[in-house]
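If you check TrEMBL, you get these features:
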type: BINDING; residues: A:C87, A:D89, A:H147, A:C150; note: Zn(2+) binding site
type: COILED; residues: A:3-33; note: coiled coil
Amino acid sequence: MAKQSSELAIAELKKLLREKEELNAGAAEKIEEVVAVLNKCPPTYDPAFQRIILGFTDFKINNFDKNPDLYYQLANGQSPQYLVIACSDSRVSPSVILNFQPGEAFMVRNIANMVPPFNQIRHSGIGAAIEYAITALKVQNILVVAHSRCGGIERLMSHPEDGSAPFDFIDDWVKIGLPAKLKVLKEYEGYDFKEQCRFCEKESVNNSLVNLRTYPYVESGVRNKSIELLGGYYDFVKGEFSLWKHESYITEPITIPLPTHHHSNLAL
Amino acid sequence: MAVPAPFSLSSDSFASKPSTTTIFGCAALKKGNFEQTHFRSCTAFRRNQGFTLKASMGPPGFTDKLNNNKLKTLADTEDGCDIFNDLKDRFLSFKKNKYLKNIDQYENLAKVQTPKFMVIACADSRVCPSNILGFQPGEAFMIRNIANLVPTFESGPSETNAALEFAVNTLLVENILVIGHSCCGGIRALMSMEDDDVERSFIKSWVIGGKNARIKAKAAGSNLSFDEQCTHCEKESINHSLLNLLTYPWIEEKVANKELSIHGGYYNFVDCSFEKWTLDYRETKLEENGRITAKNKIFWC
Ligand SMILES: [Zn+2]
Ligand SMILES: [Zn+2]
């Protein structure tokens, strides 16, 4: 079995070699090295392990070794232009759908791409990432990307009304999107459940954008225009991507004239 | 940074939502819509400007019209236009080179995801597993946080726990892989914290979760330089995260039944090497001192 699996991997590597016609002798040597390593592999059948070797070898040969200047620079520090917050869903990796290369995007992935309001005790995980990206890396663009058929949003929309048993942790997390859910239920009353979920996927991005502004360094960056807040939606059913900008106005104070007969009440 | 390429789309491929406007200054937009948007945004105290990239590549022959649109667009741009163009080009490149070329696969994936991996990696811009391990859409459910830490079950709800629960109990992934990396800023913050550091920052209150790894790294490397100690801690903290995974009853049960494997990985981007090992559950259980026993260890560069 072990022999068979490493033979499989070796066959894959040879395929890789054939596919990349421009591969030079150096790369071929590396493949030989990997083959040698695989042959020394512990005698267990581990497809996960083979997958990782192949993936990394491909990256090293076709990306790292071809861009020595870039990787030399990156080894000394990162200065990404984007902070991206995307869902953990296996189908929506921003590096794939927005073609981010190493160094371009600092990235948080969580269920349903949510940003909770500022809370140092409850939400230090994502808070740490936002704090680091803004205060240490001086990232200028924050992009929250949602997507179609999001399991996290579906859970938010269906529980607890459907009477399903609660999860240990998921429900507690997705309830960050509760304001978006309530808004959708009100504004899209009568729509079917699936449609409401689509609306909520987008509305929840807006909720996260609003929450981002509860982080003082984000808020001050937005105010002095050094930070741009962007919302995105990847629809993998239709192959579409929507993008929008979050802005808030500082409006002139609005004076609403009070009817005179209420005047006396104001004294209370 | 990618230089925004000239528009290669037909104007109506920007099928704008009513609230879509000034970024691309779409000529198609009616004034009435704009005012409506404006009105709505005043009440909502915010405004969404959006556009939709329907990358249905426009038929040839649109070039003249496009050039006009481009001029108009450039004339109308506000701050942020470069970013819109940048992201637009990025998505269109994916759509053209991947999505449309593998449309059957994407149609199947749209129905359901069945990833074999749950990956926990650092938020660092240099270490995305989709890049360094080439994970394709559908292959890996992913958490990215500072210093790829896994909190214990007892530490209460967090996004990492929620994602683990979904991946293990709903998606039934077969592998959990925690990937650490060289020169990790989060680990550096952990290593340079004072033990009685009272300054409260998100970063410190998050990375303190790796405290035990720091204790081990400091104990093991009193004669090492600070950088070397950090490297030690980067690896030690992966092992701590692997042990923390076992504090979740539904993870431990699956690992004991061999339905789930737990792996550690370490990516060194200075010399482009990768180390990978698998937690040996039975042997680790026998060790009492909070150490993990690894098997199938491999290193290559
Ligand atoms: Zn999702
Ligand atoms: Zn890191």
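Cβ coordinates are placed from backbone N, Cα and C, and glycine is handled just like the others.
Fair warning: this is a prediction, and the values are worked out from it, not measured in the lab.
Chain B comes within the C-beta cut-off of under 8 angstroms for the following of the binding-site residues A:C87, A:D89, A:H147, A:C150: A:D89.
Most buried of the binding-site residues A:C87, A:C150, judged by other Cβ atoms within 10 Å, is A:C87. A:D89 (Zn(2+) binding site): 29 other CB atoms within 10 A of its CB, across all protein chains. On its own chain, A:H147 (Zn(2+) binding site) has A:A86, A:C87, A:D89, A:R91, A:V92, A:N113, A:E201, A:Y233, A:Y234, A:D235, A:F236 as residues at least 6 apart in sequence with a Cβ closer than 8 Å to its own Cβ.
Excluding the listed site residues A:C87, A:D89, A:H147, A:C150, the same chain places A:A86, A:S88, A:R91, A:V92, A:A112, A:N113, A:A146, A:S148, A:R149, A:G151, A:G152, A:I153, A:E201, A:Y234 with Cβ atoms within 8 Å of the centre of the Zn(2+) site Cβ atoms. Taken residue by residue with DSSP, A:D89 (Zn(2+) binding site) is part of neither helix nor strand, so it is coil.
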